[in-house]
Amino acid sequence: MERHSNCTSSSSENGVLDVKPLRSLAPMFPAPFGFNAITQSTVPPFVRVTPFGSSPAGSDSSYPSGVPPAFPPFSFHKAPNQKPMNPDPVSVATHVGDAHVAMTPGANGSLRASPLSTSAKTPTSGTFWTPSATNVSIDEDEFPSLDDNMPASGRKTKRAGRRGSNQAGSSGTDVKRKRPNKSLNTELPLLPSSSNHPRESVEIVLMTYDALRRRLLQLDEAKDVNRRQDLKAGAIMAGKDLKANAGKRIGPVPGVEIGDIFYFRFEMCLIGLHAPSMAGIDYMTASFSDKDEPVAICIVSAGGYENEDDDVDVLIYSGQGGSGKHDKKQPDDQKLERGNLALERSLHRKNQIRVVRSTKDVSCPTGKIYIYDGLYKIDDSWVEKGKTGFNIFKYKLLREPGQPDGIAVWKMIQKWKENPSSRGRVILPDISSGAENIPVCLINDVDDERGPNHFVYVTTVKYLRHTTSMKPLEGCMCLSVCLPGDTNCFCAQQNDGDLPYNSMGLLVRRKPLIYECSVSCQCSFNCRNRVTQKGIRLHFEVFRTKDRGWGLRSWDPIRAGTFICEYAGEVISKTRVEDDGEEDEYIFQAMYLGEKASRWNCGPELLEDPDINNSNEVFRPFPITISAKNSGNIARFMNHSCSPNVFWQPVLYDHGDEDYPHIMFFAIKHIPPMTELTYDYGLHGDEAGQQEIGTGFMSQRAKKCLCGSPNCQGYFG
């Protein structure tokens, strides 16, 4: 049965052209300028230093109450045989992120940095140098105070030296702390390890954090309470040392790419991009050849101050303090201290500063989206009167040349949305011919190919028999909408007691099978348990890739757990698959989920939640086979990746035959605009050419993988 919508239904007359994609992927955003995102072996560990000077070894008195120290303090020492640096501070360039150093144990649990080779990159001005730092305490703004509702695992604990840590820059320390739970490695198989690529480690931490936050939100919604699940999830992870890139550094952060997006400040804390969870200026004290000075390493332009950010290459940033908003004091002149002083020193030291810009989250009235925009340097500073009539510091930052686009992509897309005709190289303004809720444009800015081969655009799957003749799906008796925590809701009971989506329509946990509300239910079409049946809600475009045929991407940012689309097409029998002499490039078999998708739920185990039962979430293959060769939708253009950002989830809503669900796609992680959407097709490496799946036709379809991800397996089938 076709999905009803406000648009014209599909027919044979609205078919378009189609070409067989090679089903593979390359990342949309390349590595940051001067930073190799594929091989990170030469990137030094983080520098953990104080924002305002040194503190006695082992001192933890400066840590905020209720939150354990976030990062282990350690020392960098000047490497031997280094030439003296130019004493002129203006000519000094800080290239800590580019230094090639080896870490060896030093006195009192510190680490000593020594040059690995003479091939290290040289600063554009001044002489190559290695900064140093002493044991330090954390800025009081780095972690907020937490309420007493936090579980024991997230409360303040005594710190002990960590052994065998797999995080960059971690070391033994003389500050006591509770060791992480030894059972976590079995409970959370996706936790970062020393064998992980930096990008993979960052994604694992972020995926675990968001899974934990979503579960906390689900539990709070069931109890009808309103709390900050983002802070609670972050404190739990920090308390268990579940972080990537522990410490501080100048320059790029391993595993973090320009264009990456974040919906919570704590996400940036956990991956080492920006340590303070509230303050906009992150800084450290580094030892130069002449003296120790604080320098800024990262700033967040979140709209709290009078910043000017219309230019994609220039940012006019206002200093912190003086507004009276955060300390409930009267407005006053800003003072040249802490973050403001660090920015002023960075003007003279000419060190690179990571810049995170922000934009409004249209899906949440009070939310923001943070975009990592790359490396900047301060070009000028001055003092002027602010809107309150008091003096504020102003800093002019210029973006380093040669970097991939960050915020520029967002501003470009905004122009397209305001004037779709401004999008160049458009072949068709709507490949769906009105069948989708939002037009899907067809773009080719690569070659002269005029579009895919002919196919009929449909919005749902066509079964072998009509849904009215299939087993009906039993409905609920809820009035108006289904509510979380309602034990009488039959749809919640079918979904193991919890509604599968939160109040924002995001999937909370992957399940073997999701039961959405159906025509048999008494609730309205606005019920939160009717997500996938409403069709797409994102602005997609089908585009021509350089070497993988056609692909799919979105103009909108996509949050983890967001519904993408259904795999539409025609259900075919095994006999037809076996008898079809021509290989069908558009066949989907629900026989393989993928490692990343199968562990998407990892994280809530940290709550020691008795309601979490992973034994009920073992992957279940389905006999359904869908072909999108002759009829399909945007899902037929999604290519393969060994590191996918999308996974499939079986859903029932218009019938009750559990062997033939709808195949729905959801976002594994936060996906920036204009990033290609991909999922894991099936077996990898040697298995793709040797092992048979289902009828065995997959073994004949093994292809060379071109996804380019750090853990690419070479082949897929």
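Note that Cβ sites are derived from N, Cα and C of the backbone, with glycine treated the same way.
TrEMBL annotations: computationally assigned, not manually curated.
Pulled from TrEMBL, these are the features on record:
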- 105-197: region 'Disordered' (REGION)
- 115-137: compositional bias 'Polar residues' (COMPBIAS)
- 164-173: compositional bias 'Polar residues' (COMPBIAS)
- 182-196: compositional bias 'Polar residues' (COMPBIAS)
- 251-399: domain 'YDG' (DOMAIN)
- 474-535: domain 'Pre-SET' (DOMAIN)
- 538-682: domain 'SET' (DOMAIN)
- 701-717: domain 'Post-SET' (DOMAIN)
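In the predicted structure, the domain 'YDG' (251-399) carries a mean pLDDT of 92. According to DSSP, the domain 'Pre-SET' (474-535) comprises 8 helix, 4 strand, 50 coil. Each residue in the domain 'SET' (538-682) gets a DSSP state, and the totals come to 22 helix, 45 strand, 78 coil.
Here the domain 'YDG' (251-399) is broken down by DSSP into helix, strand and coil counts: 18 helix, 59 strand, 72 coil.
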